[in-house]
Amino acid sequence: SLIELGKMIFQETGKNPVKNYGLYLCNCGVGNRGKPVDATDRCCFVHKCCYKKVTGCDPKKDRYSYSWENKAIVCGEKNPPCLKQVCECDKAVAICLRENLQTYDKKHRVTVKFLCKAPESC
């Protein structure tokens, strides 16, 4: 769910997920997808594509288990297949955001989404 996603983002980046990524550029948080503008935005684009492949559960609402072990996200073994997939999507975006912190630009924290160019396909 968005709760676990937010925790993972905070654990990996040290940033408040809602404040820093909730409206970041074209693909992070709410709103329509657009052509990714920077590496951080591309992480979010790939995450939305990952969610599109999930069937059988609601990635934004359904809770799953994971743990934080030795500064690493470990998806719970007892999660059903669908939620295991959601956990892996969320883990991947959290790691991607950490790996691309150097491209994060505070001035893009709030972006008017209609200015985004047409989206790429997944």
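Cβ atoms are placed via backbone N, Cα and C, with glycine included.
Listed ranges 22-33, 34-45, 46-57, 106-117; the one Swiss-Prot annotates as region 'Important for membrane-damaging activities in eukaryotes and bacteria' is 106-117. According to Swiss-Prot, C75 forms a disulfide bond with C87, chosen from C82, C87. Annotation: C44 are the recorded positions among C26, C44, R109, V112, C116 whose CA atoms are within 10 angstroms of the CA of C96 (disulfide bond). Under DSSP, C50 (disulfide bond) is assigned to a helix (H, G or I) in the three-state scheme. Counted with DSSP, the region 'Important for membrane-damaging activities in eukaryotes and bacteria' (106-117) comes out as 6 helix, 1 strand, 5 coil. When the disulfide-bonded residues C28, C75, C82, C87 are screened for a Cα within 10 A of the Cα of C43 (disulfide bond), the ones that qualify are C28. The recorded sites K106, R109 differ in how many other CB atoms lie within 10 Å of their CB, and the one with the most is R109.
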